[in-house]
Amino acid sequence: MSALLCVPTLISIVVFLKLKSPQGSMKEKLARLDYLGVLSLTACIVCILLAVSWGGTTYPWNSAPIIALFVVGGVLIIVTAIEIKWAVAPVVPPHFFKMRNPLAAFSTNFFCGFALYGAMYYVPLYFQFIKNESATTSGLETLPFVLGLAVASLIVGQLVTLLGIYRPFIWAGMAMCCIGSALLSLFDVNTSRGEQIGFLLILGIGCGFSMANLALAAQAAVPLKDLATVTTLAAIWRTVGGTIGIAISGTIFSNKLSSTLAQTLPNVTPDELSSILSGSTAALQGLPASQLYDIKHAYAQGLDLVYLSWGGLSGAGFLTSLFLVHKKLAKRPKVAKKVEDPEKGMPESETAQR
């Protein structure tokens, strides 16, 4: 089904998206690609993801595999940092690290990804295992979050166009992400439908206010030739943050759930405990009502700790967003053709002289 939905998008891109091809032959273009930079950066991210995913669950944090993954990931960060200084077309242009707005936007986007991707992954678990809803219905229960995100993105886009400012919306968005995540930690077995909708709506609006504007904040500060790169990096850091966030959230949830179950259900066998930890609904069938309530309460406690971690990281994102510098955005796009030199920055229709 997902593949079928991609077909109209692919057709639209081919028909309507007209881009000027870079100069040079195919051989010259391929020679400019930063193969080593892409490889080292990808390997670094994979090592760190595996470390945070396996740590505390598959392997102890102080085990050799986890330590080795962190060490290799750290070494690869250094390798990437050295490599991009010498690459012809580095995967991350080194001058970005000297620019305040891109760094602040990337950092904030990284933290925003924790709540954004985490909500889409862990909120359905609450409805499925605590509210006894099917997987399909659990997905539908996230609609307040998704609709809040979509509507907020549309509204804030119009406001930014009208007012020419974006920082206040980013600050408000990250603050709402922090508050919304903290409110989700109030979810328990008896949470009302109104609270569920309201809390998810707050989180969705916060993500919507922040997400698109963070890319704009980075774009407004770079030369025209770097627009594609900075836009891609903004999306990558949000995705990396979300992926690492899901991995860390899984570790937090599993550790909290196992420790709580060990205290409340000391007579549960290791096999039963393993089935419960894996999220198997079959393992919950046939259990006494009192025991089932204890398990659901343990699930809620584990998820509450996950939501609180999102709140803390969203708070960190709010702090990094304070380092953003305002770049005035012009309201009329008619003078876009006046800028011909890609070194001069974005057209005046998109950002004023800096």
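Cβ coordinates are placed from backbone N, Cα and C, and glycine is handled just like the others.
These come from TrEMBL:
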TRANSMEM  35-54  transmembrane segment
TRANSMEM  66-88  transmembrane segment
TRANSMEM  108-130  transmembrane segment
TRANSMEM  142-163  transmembrane segment
TRANSMEM  169-187  transmembrane segment
TRANSMEM  199-222  transmembrane segment
TRANSMEM  234-253  transmembrane segment
TRANSMEM  305-325  transmembrane segment
REGION    332-354  region 'Disordered'
COMPBIAS  337-354  compositional bias 'Basic and acidic residues'
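Non-local neighbours of the transmembrane segment (35-54) in the same chain are 65-66, 69-70, 72-73, 76-77, 79-80, 83-84, 87, 90-92, 240, 243-244, 247-248, 250-251; each lies 6+ residues outside the stretch with a CB under 8 Å from one of its CB atoms.
Here the transmembrane segment (169-187) has Cβ contacts under 8 Å with residues 108, 111-112, 115, 119, 123, 126, 130, 152, 156, 159-160, 195-196, 198-200, 202-211, 213-214, 217, 300, 303-305, 307-308, 310-311, 314-315, 317-318, 321-322, 324 of the same chain, all six or more residues outside its ends.
Counted as Cβ pairs under 8 Å, contacts with the transmembrane segment (305-325) are highest for 108-130 among 66-88, 108-130, 142-163, 199-222.
By the Cβ criterion (under 8 Å, sequence separation of 6 or more), the transmembrane segment (234-253) is in contact with the transmembrane segment (108-130), since 3+ such pairs are found.
Annotation: stretch 199-222 has the most Cβ pairs under 8 Å to the transmembrane segment (142-163), among 66-88, 108-130, 199-222. With a threshold of 8 Å between CB atoms, the same-chain residues lying at least 6 positions outside the transmembrane segment (66-88) that come near it are 31-32, 34, 36-37, 40-41, 43-45, 47-48, 50-51, 54-55, 59-60, 94. Within its own chain, the transmembrane segment (108-130) is flanked in space by residues 137-139, 141-142, 145, 149, 170, 173-174, 177, 180-181, 184, 187-189, 200, 203-204, 206-207, 210-211, 214-215, 234-235, 237-246, 248-249, 253, 279, 281, 284, 296, 299-300, 303, 306-307, 309-310, 313-314, 316-318, 320-321, 324, which lie at least six positions past its ends and keep a Cβ under 8 Å from the stretch.
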